[in-house]
Amino acid sequence: MQGIVVIKCGGSTMDQLPDSFFQAIAGLQAQGQEIVIVHGGGPAINSMLDRVQITPQFVDGLRVTCEDTLRVVEMVLCGSINKALVKRLTQAGAKAWGVSGIDGQTLLATKTPKPLGWVGEIKKADMTIPKAILEQGFVPVIAPLSVSEDGTETYNVNADVAAGAIAAALSAEKLIMVTDVPGIMQPQPDGTKAVVSATSAEEIQEMIREEIITGGMIPKVQAALDALGQGVEQVVICRGTAEDLLGVCAGQAVGTTVRMNVNYA
């Protein structure tokens, strides 16, 4: 059987994902491919925060989470977003099971020292529950919330970071980060932008310094590098289409492929 594939679905892509994307997942599952989905929910969270008159704040692409924001994040991620994804997968013919990083202390975290409020730094990703779900023939759909070791505190975790930690803990073959852009975009001499088809850890650090990679793409590539450093073979940043997903799983050159080192020879 092929190695595990972890798919991270960005919040900005959620409403744009076509039925064919979920049908592709169902098809892969039917072929024996083990798939784990980790999802965000940024726009839906921002919409709910707006309704309760809380202004969203971000630092380097990471959400600042006060106690009131945390309650909204938990409600939106574990409630509406997680179950909406499970429903869409079910409608497409897949078998899916929704959980969060809180369940079974799947994502064990401590509060970050950074000025981000109730945001956690993952100390351990326990894959007991996701593996049990996979063994039963389901796709685990994981909301990126985490819990303290004593179970008393809940922390928000950036979905890219959570996906990277989960992929590493599962020794996944691929981590696919689905976004609303076709990959890392690099400015060209004629003023246009082109997709970076392949890149390395060193090149990514250079693109961050040169501000080619900015905003929400920063935690994506940092999570990618963390996952690669912990044994994940390949990270791909691509669009949420059936064609891109199936292409990546088939080993085709799609989006931006990130490896620790890239041989251009």
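One is the number of the first residue shown, and numbering goes on along the chain from there.
Cβ from N, Cα, C; glycine included.
Lifted from Swiss-Prot, the feature list:
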type	residues	note
SITE	K8	site 'Transition state stabilizer'
BINDING	G41, G42, R63, N156	substrate binding site
SITE	K220	site 'Transition state stabilizer'
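Projection of Swiss-Prot feature records onto the structure.
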| residue | record | contacts (Cβ under 8 Å, 6+ apart) |
| --- | --- | --- |
| K8 | site 'Transition state stabilizer' | I37, V38, H39, G40, A159, D160, A163, L175, I176, M177, V178 |
| G41 | substrate binding site | G11, M14, V73, V76, L77, I81, A143, A159 |
| G42 | substrate binding site | G10, G11, S12, R63 |
| N156 | substrate binding site | R63, T65, T69, L70, V73, W118, V119, G120, P144, L145, S146 |
| K220 | site 'Transition state stabilizer' | D160, M177, T179, I237 |
| field | Annotated substrate contacts G41, G42, R63, N156, maximal Cα-Cα distance (Å, integer) | value | 12
| field | Cβ-based neighbourhood (8 Å from the centroid) of the substrate site, residues G41, G42, R63, N156 excluded | value | G11, G40, I45, T65, V73, L77, N158, A159
| query | What does DSSP call R63 (substrate binding site) in the simple three-state scheme? | reply | strand
| Mapped DSSP class for G42 (substrate binding site), helix or strand or coil | helix
| Within 10 Å of the Cβ of R63 (substrate binding site), how many other Cβ atoms are there? | 23
